[in-house]
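Record features, source TrEMBL:
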DOMAIN    102-483  domain 'Cation/H+ exchanger transmembrane'
DOMAIN    682-824  domain 'Cation/H(+) antiporter C-terminal'
TRANSMEM  90-111  transmembrane segment
TRANSMEM  151-171  transmembrane segment
TRANSMEM  183-205  transmembrane segment
TRANSMEM  217-239  transmembrane segment
TRANSMEM  251-273  transmembrane segment
TRANSMEM  285-309  transmembrane segment
TRANSMEM  321-345  transmembrane segment
TRANSMEM  406-428  transmembrane segment
TRANSMEM  435-457  transmembrane segment
TRANSMEM  469-489  transmembrane segment
Amino acid sequence: MRSPFHSCVILSVHGFQKFSCMTRVFPTQRLQQTHNVWKRYFHSSRVLRGISMDNDSDIAANFPTTCQKIQQLHATGIIHGDNNPLAYNFSLLMLDFILVVIITHILRFLLKPLKQPKVISQIIGGILVGPSFLKRSTWVKHYINPVGAQFLSRNLGIMGFMFFVFIYGLKMDLALLKKTGKMHLYIALVGISIPTITVFCVALMLRKTMDKDIATFSSIGILAAYLGITAFPVLHTVLKELNLLNSDVGGMALAMAIIGDSLGMVTVVAFEAGKQGETGPQNALWYMISLVVIIAFVLFCLRPTMVWIDDNVPEGDQADHSYVVAILLGVLVMGFITDFFGLAIANGPLWMGLIIPDGPRLGASILQKIETIMAELLIPFSYLMVGAYTDVFALGDVEWSSLKPLFIMVITGYFAKFFSIWISALYWRIPFRDALTLSFIMSMRGQIELILFVHFMDKKMVKIPGFTLLVLMTIAITATFTPLISIFYDPTRPYMVSQRRNIQHNPQDKDLKVVLCILDNHSINSLTQLLDISDTTTLNSPLSVYALRIIELVGRFNPLLIDHAKQEVPTIYRWTNTINALKNFEELREFVKIQFFTSVSPKQSMFQDICLLALEQEASLIILPFKKGGVHSHAIRTVNLQVLDHAPCSVAIFVDKSGPIESNNNIGSSRNHQYNKKTRFAVLFLGGADAREALVYADRMVGNPQVYLTVIRFLSHNNVGDNEVEKKLDDGIVTWFWVKNERNKNVVYKEVVVRDGEETIARIQTLNDGAYDLWIVGRKQGVNPILLTGLSQWSENDELGLVGDFVSSPDFFGSGSVLVVQQQILRS
């Protein structure tokens with residue numbers, strides 16, 4: 001992609017009018033001509049001289065020029081009589097920026113309920129500020145000369161797209177190509193080749209009716225390839241907004257997009273070589289030589305440097321600020337180099353991003369410093385540039401016959417892409433709705449296509465009407481298909497199981513399968529102790545644990561779910577110390593088996609990996625961490641709430657208030673379970689499915705002779721508010737528990753009668769002597785509302801329920817940890 005304009009300023013020594021010459025230059029084939037012209041110009045006896053702008057001028061003869069009056073950059077101030085600040089380039093540029101940002105955010109707010117992606121709001125915002133709407137105003141045309149401001153905004157827009165493709169390359173993991181299966185490769189190749197070949201054939205039939213600039217083989221080829229390939233960053237942006245990154249269909253789409261992007265890079269190179277070759281074979285040769293030299297420099301010089309920097313970043317730390325600044329400067333340098341040699345300005349930043357190791361060290365450090373600036377400051381200029389090129393009224397100023405071939409090519413490409421993906425997915429026996437959704441996703445268009453359209457304008461393949469047509473059709477296809485994805489595909493549907501997978505209904509002769517989610521190393525001791533006191537000492541109560549380390553995805557596009565037994569874990573995601581601690585625990589427990597997994601995903605879709613693992617392993621319980629305060633608290637709360645809503649089994653949230661459950665004993669330290677003192681637990685039984693699940697889980701614990709358990713059942717006065725069905729189920733489970741444990745001196749059962757939530761809290765406070773090591777409570781399902789009257793206004797953490805939130809708060813006396821249990825919710 002070439003920078004849209006180069007400019008020269010022509011001055012008069014006698015004070016005559018200043019002029020700015022906007023010059024359009026394509027580099028490689030004119031280097032020698034340019035050198036000769038400037039040589040004659042600078043060897044003139046007068047450095048500053050008036051230049052005649054007639055057709056005989058040497059400059060004008062060699063450079064197509066458009067001359068206009070130069071505007072000052074800044075207003076002199078209203079107190080100095082300057083009544084029109086919009087007559088100045090910088091003021092107008094800032095106004096355009098403010099308008100596009102405000103309009104984009106308003107549109108985003110209005111369109112979000114319609115499941116429209118952010119890119120739609122951004123494109124429309126740029127169009128509204130451009131000549132299609134605001135700049136078409138008669139007042140604007142009379143009082144404002146926007147060309148100077150457009151010159152600035154277009155160059156800033158190109159910089160915005162440069163950094164966009166840099167970040168795209170930085171996050172992209174080409175190693176995913178090695179992991180794509182036969183099905184992904186087949187569907188991707190079919191979805192690329194069929195629309196590309198179809199569009200190319202249609203274009204050849206329409207070639208006589210096309211403009212000569214688009215009728216060349218290179219132009220037809222790049223248009224056909226654009227319609228066949230779906231760009232990875234476009235898909236990633238949409239899938240992230242729809243929370244589908246970790247879904248089955250989302251994973252397939254990303255894998256196929258990686259294949260498409262790899263072919264797309266080759267296509268762009270071939271297109272550029274073809275364009276250069278149109279002016280002479282030697283230009284194509286020099287283009288390929290330049291390409292090979294620059295790629296060799298990137299691979300053998302820059303790549304080792306980036307790896308060295310990444311290796312020297314301490315684990316858990318960020319790269320040195322000077323390295324980050326140097327790399328960001330390198331993005332501009334690479335853009336300059338590739339632009340100078342005619343390799344398209346976007347290639348340099350893309351290659352720069354691809355050679356930087358992804359992940360939470362160097363890649364994350366760069367993203368943290370640039371992503372906000374790019375997304376909120378530079379990208380709006382990119383959409384201003386797109387909006388400035390887009391003029392819907394220009395469509396009516398040209399004959400439809402000139403646009404018809406382009407329209408037919410695009411429509412043909414869209415339909416061929418959609419049906420080729422759909423049919424090939426059905427061939428591989430992908431479910432009908434999933435195949436349809438995959439077709440919708442692979443038809444998405446967005447930022448990469450806009451960059452390509454600007455490149456088409458730069459190469460003079462299309463003019464304003466053709467550019468406008470392409471942009472409008474991009475909006476139409478993306479705005480139509482995105483909400484259809486939400487309608488046809490629900491990523492949580494696989495977790496809606498009809499089979500009971502909870503502790504209460506877990507067969508006694510089968511092991512209890514638990515997914516243990518681990519956020520960091522700090523709570524691992526408490527978690528192992530929680531597993532230990534879950535009666536893992538006998539063959540009748542074996543325990544299978546699937547330890548899942550959850551890591552937020554930063555510095556890369558592709559989410560990961562790693563099975564340590566089957567896959568090698570990248571160095572940056574290893575958690576060796578925690579694994580060693582759990583392995584030591586496993587070795588001391590004859591009836592415990594632990595398998596290890598790692599999930600690297602965005603916080604919005606972490607819950608999908610957790611639920612998927614629980615579903616595949618047929619787990620009965622998911623244990624989640626709870627973190628209040630700190631940088632991870634909001635992310636963990638979001639994950640917990642989503643798991644509670646969609647889990648295919650029961651869920652327990654563990655609030656570690658004191659580190660170890662009991663810091664004065666040696667739980668988990670010996671095979672014989674010889675402890676210094678008993679561990680005191682309390683179950684607050686308020687009724688309902690969650691309370692019943694909590695009681696059954698506590699019953700497993702009393703099999704441990706060192707556990708002292710107190711069960712407190714809360715009943716409403718005169719049975720006010722009781723649900724008869726729930727009450728009978730509660731009576732049955734309590735009777736079963738008491739009959740089983742009535743001779744166990746370590747078990748105490750109590751009943752208390754209360755009238756409202758205030759009395760419930762008061763009785764809990766009375767029972768709390770500060771000596772309990774663990775409080776177990778149901779979350780909220782089936783609780784008599786009378787028992788909780790008046791408590792909702794004091795709750796801060798909905799995932800813990802009202803009572804769970806109270807006993808886990810710092811105001812609750814004692815250092816006992818809290819386990820909040822929710823029984824599996826059967827969904828259909």
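Keep in mind that glycine also has a Cβ here, set from the backbone N, Cα and C atoms.
Bear in mind that TrEMBL entries carry predicted annotations, made automatically and left uncurated.
Each residue of the domain 'Cation/H(+) antiporter C-terminal' (682-824) gets a DSSP state, and the totals for helix, strand and coil are 62 helix, 33 strand, 48 coil. When averaged over the domain 'Cation/H(+) antiporter C-terminal' (682-824), pLDDT in the model lands at 88. Here the transmembrane segment (406-428) touches the transmembrane segment (435-457). Their Cβ atoms form 3 or more pairs under 8 Å, with each pair 6 or more residues apart. Here the transmembrane segment (217-239) does not lie next to the transmembrane segment (285-309) in space: the count of CB pairs under 8 Å, restricted to residues six or more apart, is fewer than 3.
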